[in-house]
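Annotated in TrEMBL:
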TRANSMEM  6-21  transmembrane segment
DOMAIN    6-107  domain 'EamA'
TRANSMEM  33-56  transmembrane segment
TRANSMEM  62-84  transmembrane segment
TRANSMEM  91-107  transmembrane segment
(Lines of atoms letter the chains of each structure in order from A; the text may use other names.)
(Lines give C-alpha, C1' and ligand atoms only; values in the text may rest on other atoms or scores of the structure.)
Protein backbone atom coordinates (compact mmCIF):
# COMPACT_ATOMS: atom_id res chain seq x y z
CA UNK A 1 0.00 0.00 0.00
CA UNK A 2 2.86 2.37 0.83
CA UNK A 3 4.18 2.15 -2.73
CA UNK A 4 0.80 3.07 -4.18
CA UNK A 5 0.81 6.22 -2.05
CA UNK A 6 4.26 7.07 -3.42
CA UNK A 7 2.89 6.41 -6.91
CA UNK A 8 0.02 8.86 -6.30
CA UNK A 9 2.51 11.48 -5.08
CA UNK A 10 4.63 10.82 -8.18
CA UNK A 11 1.64 11.45 -10.46
CA UNK A 12 0.72 14.65 -8.62
CA UNK A 13 4.28 15.95 -8.92
CA UNK A 14 4.32 15.06 -12.62
CA UNK A 15 1.07 16.93 -13.21
CA UNK A 16 2.31 19.95 -11.26
CA UNK A 17 5.59 19.88 -13.19
CA UNK A 18 3.70 19.89 -16.45
CA UNK A 19 1.49 22.73 -15.21
CA UNK A 20 4.47 24.94 -14.39
CA UNK A 21 6.12 24.16 -17.73
CA UNK A 22 2.87 25.21 -19.39
CA UNK A 23 2.97 28.46 -17.42
CA UNK A 24 6.60 28.97 -18.46
CA UNK A 25 5.63 28.46 -22.11
CA UNK A 26 3.91 31.85 -22.02
CA UNK A 27 7.37 33.39 -22.49
CA UNK A 28 7.71 34.81 -25.98
CA UNK A 29 11.43 34.16 -26.40
CA UNK A 30 13.75 31.34 -25.38
CA UNK A 31 16.04 33.60 -23.37
CA UNK A 32 13.00 34.78 -21.37
CA UNK A 33 11.85 31.19 -20.89
CA UNK A 34 15.10 30.07 -19.29
CA UNK A 35 14.93 32.81 -16.65
CA UNK A 36 11.31 32.11 -15.74
CA UNK A 37 10.96 30.56 -12.26
CA UNK A 38 8.08 28.40 -13.51
CA UNK A 39 10.46 26.74 -15.98
CA UNK A 40 12.81 25.63 -13.21
CA UNK A 41 10.03 24.65 -10.82
CA UNK A 42 8.38 22.55 -13.53
CA UNK A 43 11.66 20.84 -14.38
CA UNK A 44 12.42 20.20 -10.70
CA UNK A 45 9.00 18.66 -10.08
CA UNK A 46 9.40 16.46 -13.17
CA UNK A 47 12.81 15.34 -11.92
CA UNK A 48 11.45 14.40 -8.48
CA UNK A 49 8.58 12.57 -10.18
CA UNK A 50 11.05 10.60 -12.32
CA UNK A 51 13.14 9.67 -9.28
CA UNK A 52 10.02 8.46 -7.47
CA UNK A 53 9.07 6.46 -10.57
CA UNK A 54 12.42 4.68 -10.52
CA UNK A 55 12.03 4.01 -6.79
CA UNK A 56 8.54 2.55 -7.24
CA UNK A 57 9.72 0.28 -10.04
CA UNK A 58 11.98 -1.46 -7.53
CA UNK A 59 8.90 -2.69 -5.66
CA UNK A 60 5.99 -2.86 -8.10
CA UNK A 61 5.68 -4.52 -11.48
CA UNK A 62 6.34 -2.36 -14.51
CA UNK A 63 3.07 -3.65 -15.98
CA UNK A 64 1.30 -2.06 -13.00
CA UNK A 65 3.29 1.16 -12.59
CA UNK A 66 3.20 2.33 -16.19
CA UNK A 67 -0.58 2.12 -16.64
CA UNK A 68 -1.14 3.74 -13.24
CA UNK A 69 0.90 6.75 -14.28
CA UNK A 70 -2.18 7.66 -16.34
CA UNK A 71 -3.57 8.99 -13.04
CA UNK A 72 -1.46 12.04 -13.92
CA UNK A 73 -4.18 12.96 -16.43
CA UNK A 74 -6.71 13.25 -13.61
CA UNK A 75 -4.59 15.80 -11.76
CA UNK A 76 -3.82 17.58 -15.03
CA UNK A 77 -7.54 17.85 -15.73
CA UNK A 78 -8.12 19.48 -12.34
CA UNK A 79 -5.18 21.86 -12.62
CA UNK A 80 -6.11 22.95 -16.14
CA UNK A 81 -9.72 23.57 -15.10
CA UNK A 82 -8.91 25.46 -11.88
CA UNK A 83 -5.89 27.49 -12.92
CA UNK A 84 -5.87 27.66 -16.72
CA UNK A 85 -9.64 28.03 -17.07
CA UNK A 86 -9.84 25.20 -19.58
CA UNK A 87 -13.30 23.84 -20.20
CA UNK A 88 -14.87 20.60 -19.05
CA UNK A 89 -16.36 18.53 -21.83
CA UNK A 90 -18.32 15.32 -21.77
CA UNK A 91 -15.49 13.60 -23.62
CA UNK A 92 -12.97 14.66 -20.95
CA UNK A 93 -15.23 13.43 -18.14
CA UNK A 94 -15.72 10.06 -19.84
CA UNK A 95 -11.95 9.80 -20.29
CA UNK A 96 -11.32 10.53 -16.60
CA UNK A 97 -13.92 7.95 -15.54
CA UNK A 98 -12.29 5.34 -17.78
CA UNK A 99 -8.85 6.16 -16.36
CA UNK A 100 -10.16 5.78 -12.81
CA UNK A 101 -11.86 2.47 -13.61
CA UNK A 102 -8.79 1.15 -15.40
CA UNK A 103 -6.55 2.19 -12.52
CA UNK A 104 -8.77 0.39 -10.03
CA UNK A 105 -8.79 -2.77 -12.13
CA UNK A 106 -5.00 -2.76 -12.51
CA UNK A 107 -4.31 -1.95 -8.86
CA UNK A 108 -6.61 -4.61 -7.40
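Sequential numbering from 1, following the chain as shown.
The backbone N, Cα and C atoms fix where each Cβ goes, and this holds for glycine too.
Unlike curated records, TrEMBL annotations are generated automatically.
Mean pLDDT for the domain 'EamA' (6-107) in this predicted model: 94. The list of residues near the transmembrane segment (91-107) in space but at least 6 beyond its ends in sequence, with Cβ under 8 angstroms from a Cβ of it, reads 4, 64, 67-68, 70-71, 73-74, 77. According to DSSP, the domain 'EamA' (6-107) comprises 84 helix, 0 strand, 18 coil.
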